[in-house]
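Data first, discussion second: the structure below is written as structure tokens.
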Amino acid sequence: MISRKIISTINSKTFYNKSLSYCTVNNNKNTTININNNNEKPKIKTGILMLNLGGPSKLEEVEPFLTRLFTDKEIFKLPFQKYTGTLIAKRRSNAVMKLYEAIGGGSPIRKWTEKQGELLSSMMDKISPETAPHKHYIGFRYSDPLIADTLDQMENDNVERVVAFSQYPQYSCTTTGSSLNNLWKTLEEKQMQSKFKWSVIDRWQDHKGFIDATIHKIKKAYNQFNSKLRELDIDDVDANNNNNNNKPVLVFSAHSLPMSTVEKGDPYPQEVAETVCRVMDGLGIRDEETGKPLEYILAWQSKVGPLPWLSPKTSFVIEQLAKKGRNAIVIPIAFTSDHIETLSEIDIELQHLAKKCGMKLLVRSESLNDDPLIISAMADLVNTHLKSNKTIHSNQYHLKCPGCKDDSTFCRTISNPIQALKL
């Protein structure tokens, strides 16, 4: 529908335009006319598809979420995958529901992704009018809105170009790779390969805006730590006469991975480590007495099952620090918004463990959520990406994991790329 306001005093006549319907204007009256364009839809010039694994927004979504998760061969390799994964999901759903009940009855990840997307699109319209209008879309892997439904919405909106924007700063085949693989496969299944022109933001672990936003949150947490330390009046000398109780250890916590995935060459651990190093290089917080930077460690959370995963576990690190009389600031380094890993695992389970082990003070650095710094970082990422004449993905995008033997994966390709590059 195209609306045009025509305010004029003209002779009564009927006119016709090839792309418009017949319209009649009356004599000597100010007339407002809505003219239907039946041949053209208003276009969304740039769609921003925000990719994430998702999370159940309501308790009744928990079991379907777990079923999609445990039947995904890119995440878990199970015998008789569909049957076994469905059975595991059914058995775990009640326990997982209780975790979501404790954080408000569902994951806030959709809420935060919507908020980030709205702010991002609005900012993009201002800083990049030539690629406007921009509209964000959400494509979750295991919960609504699923990618298949979002593609239908984009088709209905007449989107021209889409940036597939991973909400995981560090690339892993189990997160970004799985989402992209599902995206390209779904396009093929729906015979929509030629509907949109695509490009990909597949990793951004070293982006300055992301690093700066993380540093900002750590500094805020450090100030909170010192304030709470004064309130608690904690003695700053431990049992070994080490003057270190008032110096927190920075515990960077990221979602873990099975070692079987890591040993295939998944780049996630090295990219998380790169983020940590860049944050520490720019943090600038130093001990007032020694002038040295704060001590830090990278740990891993959310292990599932009995098989080996990345270590040390975040819970193990907290236990050991507590035994040594140390305190900690925990920093979620691979998440851009709050969800069950921050609100339940860190804020509830890890805090309980810290108290049980005798740790006097554990503070969590806030998630990025809708902080203006992370929105600006995302806008800079997308804007730079759109302005590039050559780059439609990262330099590392086409490099498959050395141990990957699955020739059916699409995760290192791009369906109908925006530019005619050799893929």
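Glycine is no exception: its Cβ is also placed from the backbone N, Cα and C atoms.
The DSSP secondary structure for H207 (active site) is coil. Under the heading active site, Swiss-Prot lists H207 (among others).
Within 10 Å of the Cβ of D380 (active site) there are 17 other Cβ atoms, across all protein chains. Feature annotation from Swiss-Prot assigns active site to D380 (among others).
Residues annotated as [2Fe-2S] cluster binding site in Swiss-Prot, with similarity to another entry given as evidence: C173, C401, C404, C411. Around C404 ([2Fe-2S] cluster binding site), the C-beta neighbours below 8 angstroms that are at least 6 residues distant in the chain are C173, K264, G265.
Marked as transit peptide by Swiss-Prot on the basis of sequence analysis: 1-29.
A gap of 9 Å separates the Cα atoms of H207 (active site) and D380 (active site). Counting only same-chain residues six or more apart in sequence, the Cβ atoms lying under 8 angstroms from the Cβ of C401 ([2Fe-2S] cluster binding site) belong to C173, K264, G265, D266, P267.
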